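Notes to accompany the following structure.
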Amino acid sequence: MNPQAKLIFMTSLLLGTTITISSNHWIMAWAGLEINTLAVLPLISKSHHPRSVEAATKYFLTQAAASALVLFSSMTNAWHTGQWDITQLSHPTSGLILTSAIAMKLGLVPFHFWFPEVLQGSPLSTGLLLSTIMKLPPITLLYMTSPSLNPTLLTILALLSTALGGWMGLNQTQVRKILAFSSISHLGWMAIIIIYNPKLTLLNFYLYTMMTATVFLTLNSMKVLKLSTLMTAWTKVPSLNAMLLLTLLSLAGLPPLTGFLPKWLIIQELTKQEMIATATLMALLSLLSLFFYLRLAYCTTITLPPHTTNHMKQWRTGKPTNVLIAILATMSITLLPISPLILALV
């Protein structure tokens, strides 16, 4: 892609996100979401492969429907209350429609079907944008409207997302689809706590973004798209593979790694809200995700592929590891001991 075009699309992406995050009026928030959608479409379809074009089409249709629902929700609220302010979403029907719209934008179950397909059709660099920065504006809208949302609906969506995100990722062999289901599962953890402690949702999102960015950038530097290629990638950059192993375990939420912090705090908060059954169910459902993270980690570092493999072993590259990957990987692994400082900052 032309560097100038890429610069314009990336700037538009940041502009759209900033407009939505900083807006008070529903129309401004909607405009930011639309700018975001239009800016990311060329990045999805830049390879001109039929699968990329299909992914871009699916993404456009889903996001357009979700944006229409956001407008519909805000207009219903304005009709009944006379308020266009985002934080004044007091009409119950508007709250339900908005929750559905945001669930569609994020890819929460049962509106998740587009996300794995779109991620599978996109390059890894665009997949990183779709999994991280594109999730920020909808989560911000949920954060701002959290007092008026329906707790039962969000809890059901969150439990279903955590269950299906773990369940459907079990039999995947494509790395991008596994990461898509991992994202759906993590969104479940964010959605369950947004009403009771919105700051925890943001903390979870920041840490998830950091860990996912590490995984995507590492896979991109090793040019890995499926598990069979991942098995032979250990000869290429052994140190990077070891870091990938630890980052995957951190994404799974194993102590003493960074990923354990949000899960621990969310379960603690749910227990404080006397939702012990929900907390137990969430903890058990996260074992499903743990299984496919362990499978990825196993393929990354622990297996030696059979000598009859179709993939040639790759030559070890003499290039040093990217500094950004090194910093992100270190933070994805070692932030748990400074959790009191992180909580004080949040």
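Count begins at 1; order follows the chain as displayed.
Note that Cβ sites are derived from N, Cα and C of the backbone, with glycine treated the same way.
What TrEMBL lists as domain 'NADH:quinone oxidoreductase/Mrp antiporter transmembrane' is 23-288.
Within its own chain, the transmembrane segment (56-75) has Cβ neighbours under 8 Å at 26-27, 29-30, 33-34, 37, 40-41, 44-45, 84, 89, 94-95, 97-98, 100-102, 104-105, 111, 114, 117-118, 121, 130, 141, counting only residues six or more beyond its boundaries. What TrEMBL lists as transmembrane segment is 56-75 (among others).
Within the same chain, residues 33, 58-59, 62-63, 65-67, 69-70, 72-74, 76, 89, 130, 135, 137-139, 141-142, 145, 148-150, 153-154, 157-158, 160-161, 163-165, 180, 183-184, 187-188, 191 sit at least 6 positions outside the transmembrane segment (95-115) and bring their C-beta atoms closer than 8 Å to a C-beta of that stretch. Taken from TrEMBL, the feature transmembrane segment applies to 95-115 (among others).
Long-range contacts of the transmembrane segment (152-171) within its own chain (CB-CB distance under 8 A, at least 6 residues past either end) are made by residues 96, 99, 103, 108-110, 112, 116, 177-178, 181-192, 194-195, 275, 278, 281-282, 285-289, 291-292. Look at TrEMBL and you will find 152-171 (among others) tagged as transmembrane segment.
Within the chain carrying the transmembrane segment (178-196), a Cβ under 8 angstroms from the stretch's Cβ atoms is held by residues 103, 106-109, 112, 115-116, 119-120, 127, 131, 135, 139, 142-143, 146-147, 149, 151, 154-155, 157-166, 168-169, 172, 204-205, 208, 212, 215-216, 251, 262-263, 266, 269-270, 273, 278, 282, 285-286, 288-289, 292-293, 296, all 6 or more beyond its ends. If you look up TrEMBL, you'll see 178-196 (among others) marked as transmembrane segment.
Per TrEMBL, transmembrane segment is recorded for 202-219 (among others). Here the transmembrane segment (202-219) has Cβ contacts under 8 Å with residues 124-125, 127-128, 131-133, 135-136, 139, 143, 175, 179, 182-183, 186, 189-190, 193, 225, 230, 240, 243-244, 247-248, 250-251, 258-259, 261-262, 265-266, 322, 324-325, 328-329, 331-332, 335, 342-343, 346 of the same chain, all six or more residues outside its ends.
According to TrEMBL, the transmembrane segment annotation covers 240-261 (among others).
The feature transmembrane segment is assigned by TrEMBL to 281-302 (among others).
Annotation comment: TrEMBL describes 290-343 as domain 'NADH dehydrogenase subunit 2 C-terminal'. Over the domain 'NADH dehydrogenase subunit 2 C-terminal' (290-343), the average per-residue pLDDT in this prediction is 81.
Feature annotation from TrEMBL assigns transmembrane segment to 323-345 (among others). Beyond its flanks by at least six residues, the transmembrane segment (323-345) meets 203, 207, 210-211, 213-214, 217-218, 221, 240, 243-244, 246-247, 250-251, 255-261, 265 of its own chain at Cβ-Cβ distances under 8 Å.
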